[in-house]
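**Q** According to TrEMBL, the protein has these features:
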DOMAIN    6-423  domain 'Major facilitator superfamily (MFS) profile'
SIGNAL    1-34  signal peptide
TRANSMEM  44-68  transmembrane segment
TRANSMEM  80-97  transmembrane segment
TRANSMEM  103-130  transmembrane segment
TRANSMEM  142-163  transmembrane segment
TRANSMEM  169-188  transmembrane segment
TRANSMEM  278-305  transmembrane segment
TRANSMEM  325-347  transmembrane segment
TRANSMEM  368-393  transmembrane segment
TRANSMEM  399-419  transmembrane segment
Amino acid sequence: MENWGSLSHLFVTVFLSNVAMLMVNPAITDVTMAAVCPGKDECSLAIYLTGFQQAIAGLGSVVMMPLIGNLSDAYGRKTLLTVPLVLSIIPLVILAWKRTTAFFYAYYVLRTLTAMVTQGGVVCVALGYLADTVSEGKRVSAFGVLSGVVSAAYVCGTLAARLLSTAQIFQVAAGVSIIAAVYMIVFLKDTTRHTDALEQPILNQGTESNQDCCESSKKVDFIKGIPSPKDIVCLLKSSITFSLAAFIAFFNSLAEAGLEACLQYFLKARFHFMKDQFADVLLIAYIGATISNVLFMPLLGPVIGEEVLLSLGLFAGFLNMFFDSIAWSAWVPYASAALGVFLFLATPNLRSIISKQVGDDEQGIAQGCILGITSFANVISPLIFSPLSALFLSDSAPFHFPGFSILCVGLAWLIGFLLSTTMKFIPHNSREKVSNKDSTEA
């Protein structure tokens, strides 16, 4: 892979930051339940708190991701990467100190606020860094390796959570998060770009109408660095493929956020899962994800195309949720987790498709806008799935189907799959065709 020296430091930074963030996932459900509903296996308040946190963090990310992407185009990837890495340390240190009810709520508030930046900030800037460093023809492999690194972080973080006590989990996570920030500052070199994104119209190679509507993007200062809704609409209209990818990203994120909001509470209520069982299920899924992203994407992506791998990943997500929703025994979630070998193909292929729809000086804002859309899905998802999960896990459910909310999560992936199947009918040069058509009409 080209520029391996620079990319290796980026991969190490992403790996360490994700290990720290993901290590706490299997334990946070038990910590939340112990803080708000001690001694219970079912707790609607815990579900609502988790959903509210996702919604608020997602709402902030809708604004912050395009801003971070746009500013990284202008002021450098390394500078903007420092912000989410440093902010992610603060909540972990709180629970590393104590996990009483008061400390939990302090963590909860700070985690909600910092997640607006940390939830997708590292990935947003890392994608821009890759696009700066790797040629277009090799981006599918590079994005696959990046996703493989994230999946490997899931495996290592989950394995650590399986072996460590709850107190040790947060202490180690805080330490690793500090190491990630220090490593990035010392070793990672910034990319070199010759354009100032804050003095460029968004999609300056797009259609004449897009150039007109984006003319207001020129000569903006730092305070106005956030793209306006008009700018984002121009970006989404730049090509049919980009617009379709945005819709798919929305439904994919809607499902992912729904999965995060209710799956662990469902498994705890249905099969009395604890931290170690959650870790085992996640470990199976993330080992499969690591294999698929490191091997399948670089080998199969150039051969069968990102569109096919995207559809495969989305359909695997639907099957995973379908089997979990009707799980009749405790071994079923373990078996369905093996679909992670295909499920995690969706996101990196989607990012690769998006990166090919914009110019080199627009990578940050393009990935940031898509992450803003997925963050908007993160706002909506818990508003839908948290009440639904709480209702069907309670005694007042309209009918007996504890996994109904899980099935609905799967339906979001199914919609994304159906949309993805139309991608192969769109010409690869659709952007140029739109441009030529508008020029002819003008």
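Glycine is no exception: its Cβ is also placed from the backbone N, Cα and C atoms.
Please situate the listed features within the shown structure.
**A** Beyond the ends of the transmembrane segment (368-393), by six or more residues, the same chain brings 42, 44, 47-48, 50-52, 54-70, 72, 119-120, 123-124, 227, 232, 235-236, 245-246, 249-255, 257-258, 261-262, 265-266, 269, 350-351, 354, 401-405, 408-409 to within a C-beta distance below 8 angstroms of the stretch.
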**Q** Do the transmembrane segment (169-188) and the transmembrane segment (399-419) share at least 3 Cβ pairs closer than 8 Å, excluding pairs fewer than 6 residues apart in sequence?
**A** no
**Q** Return the average pLDDT for the domain 'Major facilitator superfamily (MFS) profile' (6-423) as a whole number.
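**A** Mean pLDDT, the domain 'Major facilitator superfamily (MFS) profile' (6-423): 80.
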**Q** With Cβ-Cβ distances below 8 Å as the criterion, list the same-chain residues six or more beyond the ends of the transmembrane segment (44-68) that contact it, or say none.
**A** 29, 32-33, 36-37, 80, 83-84, 108, 111-113, 115-117, 119-121, 124-125, 225-227, 232, 257, 260-262, 265, 364-365, 368-369, 371-373, 375-383, 385-387, 389-390, 393-394
**Q** Report the listed stretch (80-97, 103-130, 142-163, 278-305, 399-419) having the maximum count of Cβ pairs within less than 8 Å of the transmembrane segment (325-347).
**A** 278-305
